[in-house]
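Right, one structure below, let's go through it.
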Amino acid sequence: MLHFVFVFVFLGPLKPEITITYIAVSAIFFNSGLSLKTEELTSALMHVKLHLFVQIFTLVFFPTAIWLFLQVLSVTPINEWLLKGLQTVGCMPPPVSSAVILTKAVGGNEAAAIFNSAFGSFLGIVITPLLLLLFLGSSSSVPFTSIFSQLFMTVVVPLIIGQIVRRRIKDWLERKKPPFGAISSCVLLMIIYTTFCDTFSNPNIDLDKFSLIIIVFIIFSVQLSFMLLTFLFSTRNISGFTPADTVAIIFCSTHKSLTLGIPMLNIVFAGYEHLSLITVPLLIYHPAQILLGSVLVPTIKSWMVSRQKALKLTRQPKAPVKV
């Protein structure tokens, strides 16, 4: 088992620092480019209200709410470095993969999810280090240019190439209907497992069971609470969001990026003795958001379909009453 874990550790035989960081993430967005209709992606760009909601929630409300919550938890015996790790989770941008995959699985507004994932990731390159500095006092020279170029090459370029390829084989794709969702899910599972192997293979990591169990409980509680909060806000009549929009909002607003978060933490907290402990909450949060999202997919899908039918019925003109 230890040999199997070593294979997936960074600098291991499979070179996950290349295969995961670049190839796996690129594969997810190439896959999205192939499966997404161009007109849907174009229309999503104009949905400014939805984009503002997602970005403000995930990059302003989320870290602020976590900071306030941690002021209460600071008097408890929970490991202080795990609590700092919770704050770093709050500072992370939306993910570049999981929210898109789950939105697609439900049948929600996938185009909006893709735009917010990409846009949020680019915003996070600048905003996340500033948030970490504000809430944790950490400072470091972050190589914005190299991270921007990496995101451009692994997110934007594969998406564009996928769209170009789709135009050429559109008829074949509609006829064969390849399992795009299953492919993306398998790639995402590999990303999660690799990151777990890399962190927990560190001999210096020292976790006490009490703190770890409490952190896991807090993470699931925070996710459920924020998913409910975004649902309540986005389904109000005055919001103007469709049921499909609500699905994208729920996942994009509450999910946090592991693929961008881990490298960012390694840069901002370079040289920290407790770096491994700081990364643990994010490592738990990422698979937890996928697990929780996957469990809720049937429920959310059922709600979305019934809500769409109800809205369709209310928009139908009523038959004139015969006198």
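Backbone N, Cα and C define each Cβ position, glycine as well.
Residues or ranges marked as transmembrane segment by TrEMBL: 50-70, 114-135, 147-166, 178-196, 211-234, 246-272, 284-305.
Within the chain carrying the transmembrane segment (50-70), a Cβ under 8 angstroms from the stretch's Cβ atoms is held by residues 83, 86-87, 89-91, 93-94, 109, 112, 115-116, 119-120, 123-124, 127, 131, 135, 222, 226, 230, 233-234, 241, 245, 248-249, 252-254, 256, all 6 or more beyond its ends. Between the transmembrane segment (147-166) and the transmembrane segment (211-234), the number of CB pairs under 8 angstroms, six or more residues apart, is fewer than three, so the stretches are not in contact.
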